[in-house]
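Q: Handing you a structure now.
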């Protein structure tokens with residue numbers, strides 16, 4: 001019984017360690033996906049899920065995602081400063 005509990009705990013931990021989180025970013029401009037209302041946000045949730053994430057919220061006027069695939073690019077992008085030179 002104890003070993004089953006340990007295996008289950010390890011699998012849960014493995015899922016949280018290997019998933020990414022961060023602000024969604026437009027790769028062509030380096031700008032974050034904008035949103036208006038902080039907290040739960042259907043637009044951000046939809047955009048995050050379309051990128052393979054588990055969920056999304058609006059935080060600091062930008063879409064913040066949880067559970068993104070490892071290869072998903074998040075803000076900031078090196079060399080892309082969102083309109084700044």
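Note that the numbers count up from 1, one per residue, in the order the chain is shown.
Cβ coordinates come from backbone N, Cα and C, glycine included.
As annotated in Swiss-Prot:
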DISULFID  31-82  disulfide bond
DISULFID  35-58  disulfide bond
DISULFID  44-63  disulfide bond
DISULFID  48-65  disulfide bond
DOMAIN    20-83  domain 'LCN-type CS-alpha/beta'
MOD_RES   82  cysteine amide
SIGNAL    1-19  signal peptide
Q: Measuring Cα to Cα, how far is residue 44 (disulfide bond) from residue 31 (disulfide bond) in Å?
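A: Distance between the two Cα atoms comes out at 15 Å.
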Q: Using a 10 Å cut-off on Cβ-Cβ distances across all protein chains shown, tell me which of the disulfide-bonded residues (31, 82) has the largest neighbour count.
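A: Neighbour-count leader: 31.
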Q: Determine how many residues of the domain 'LCN-type CS-alpha/beta' (20-83) DSSP places in helix, in strand and in coil.
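A: So the counts come to 9 helix, 25 strand, 30 coil.
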Q: How long is the line from the C-alpha of residue 58 (disulfide bond) to the C-alpha of residue 82 (disulfide bond), rounded to the nearest angstrom?
A: 19
Q: Near residue 65 (disulfide bond), which residues of its chain come within a Cβ-Cβ distance under 8 Å, counting only those 6 or more away in sequence?
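A: Sequence-distant Cβ neighbours: 21, 22, 23, 24, 44, 47, 48, 51, 53, 54, 55, 56, 72, 74.
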